[in-house]
Amino acid sequence: MAKVISIANQKGGVGKTTTAVNLSACLAHLGQRVLLVDIDPQGNATSGVGIEKGDIDECIYDVLVEDVDTQDVIRTTNMENLDVLPSTIQLSGAEIELVSTISREVRLKRALDQVGRKYDFIFIDCPPSLGLLTINALTASDSVLIPVQCEYYALEGLSQLLNTVRLVQKHLNTDLAIEGVLLTMLDARTNLGIQVIDEVKKYFREKVFDTIIPRNVRLGEAPSHGEPIIRYDAKSRGAEVYLDLAKEVVANG
């Protein structure tokens, strides 16, 4: 069965989708079979792997709310070994519609169980909130990867996320683990970035990935071309660091 990893942080702009897309693509590049699950109604992970939102007939909404078979909604991408379970703005109504549904917190888990044997890794790109969609992701996951931006107030709000993780561990998924904390958007020219690294490592200790994602122009350009960085510019610093991260994730087992 696939290892299922949620990429979560309720703060926006910390590199969740960038990490979901590029970590998935780099693992696929290394020969791993990967499914990227987009449960953010903005659908940026979907477009980030080249899927046009206007071309999507069915999406993760139909799986969660309408009980459509997961396999029928999965799309191949232009990268070998990388598939996507796409999202559209239709998903924004799912949390309200699921409130009265029986076993509402395990809808995604049941959906992914249908296809788990086809993949080595499944990554879930979570929305910037701690609502029912993120709860579904954590319930379906073996672990959670937490991106933290190397900026002032980096740790703000993390206690809320960690409390949600503990509640899910207690009531819904006792095996949920912290995969690791990923430092993102580092500007090595500033003292602040170094201070944040020290602060995060002091708090999370060995749970912090060795790989740190720097600010990188090519990494920022890639989504507008609908390509992961490993396809857009394989020689860029952004591609190098996400390949390093992919190797760390494989080594974690």
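Cβ coordinates are placed from backbone N, Cα and C, and glycine is handled just like the others.
DSSP assigns LYS11 (ATP binding site) to coil in the three-state reduction, outside any helix or strand. Just so you know, the Cβ of LYS11 (ATP binding site) picks up 18 other Cβ atoms within 10 Å once every protein chain is counted. What Swiss-Prot records for LYS11, GLY12, GLY13, VAL14, GLY15, LYS16, THR17, THR18, PRO214, ASN216 is ATP binding site, and it gives similarity to another entry as the kind of evidence.
The feature Mg(2+) binding site is assigned by Swiss-Prot to THR17. Within the same chain, residues at least 6 positions away in sequence whose Cβ sits under 8 Å from that of THR17 (ATP binding site) are ASP40, ASN44, ALA45, GLY48, ASP125, PRO223.
The C-beta environment of PRO214 (ATP binding site), restricted to residues of the same chain at least 6 apart in sequence and closer than 8 Å, consists of MET185, LEU186, ASP187, ALA188, ARG237, GLY238, VAL241.
Using a 10 Å Cβ-Cβ cutoff, GLY13 (ATP binding site) registers 14 neighbours. Farthest C-alpha pair in the ATP-binding residues LYS11, GLY12, GLY13, VAL14, GLY15, LYS16, THR17, THR18, PRO214, ASN216: 20 Å apart.
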